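These come from TrEMBL:
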- 49-86: domain 'Iron-binding zinc finger CDGSH type' (DOMAIN)
- 199-233: domain 'Iron-binding zinc finger CDGSH type' (DOMAIN)
Amino acid sequence: MKDQSQQEETPADKEMRVTVTKNGPYIISGGVPLIQQEICNDDEGYCRNWKVTKNYPVQETYALCRCGHSQNKPFCDGTHSKINFNGTEKAGSEPYLKYPLVIKGPELDLLDYENLCVHARFCMRAGGIWGLTENSDDPVARDTAIEEACNCPSGRLVLKDKKTGKAIEPDLEKSIVIIEYPARGEHGPLWVRGGIPVVSSDGKPYTFRNRVTLCRCGKSMNKPFCDGSHIQH
Ligand code: FES
């Protein structure tokens, strides 16, 4: 576990980057590890753990599909140009990053950036992270809330320790995870972890965060970020 201020780029990490291309794929540079992980349920059906199901061979640079139509997923095969993929990036000033809903508790405060929800559902166990935060003077509730927040891939849910005033962030290896949730037949977003810069197609860096999730189905209304649109209701 670490706080946001402990995120540092080492020289070897310096080139790690995700670049969004106009109406095309994500270009990943700097030898970013690519991993596939599944969300696993506990015996009661709540999302609880992650399981690594594939480690891809390390490549210095590669292109990941953003349109959702590649025949060679997760990699781009050029189909985006055949289908005239509209990959217009809608995320920008992201006011929701400045004004999260704040749930106050005795030991923890929860910052809830609801627009970033990708429905990984780790937050629902034990009555839900919101109630756990309000009861965070109970050590079990506190620990459960921290576990749930740190499993939230998009960083929708961020807990702050009231004593230190610092965000409690998971210590994540710099990598990209392809999220799968077989129990529900869902193919989730790309989880960009450990503080890898994401740069828009016009060269502007998005807000630097320890964890972000990028759309890989082409349907998000908040591209390049996932907004949960991959889930069929
Ligand atoms: S972005 Fe190229 S095939 Fe999907």
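Just so you know, glycine gets a Cβ as well, placed from its N, Cα and C.
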Taking DSSP H, G, I as helix and E, B as strand, the domain 'Iron-binding zinc finger CDGSH type' (49-86) contains 4 helix, 12 strand, 22 coil
Per the Cβ filter (under 8 Å) with a sequence gap of at least 6 from its ends, the domain 'Iron-binding zinc finger CDGSH type' (49-86) is approached by 20-21, 23-31, 33-40, 42, 151, 176, 178, 180, 190, 214-219, 223-224
For the domain 'Iron-binding zinc finger CDGSH type' (199-233), the DSSP residue counts stand at 0 helix, 7 strand, 28 coil
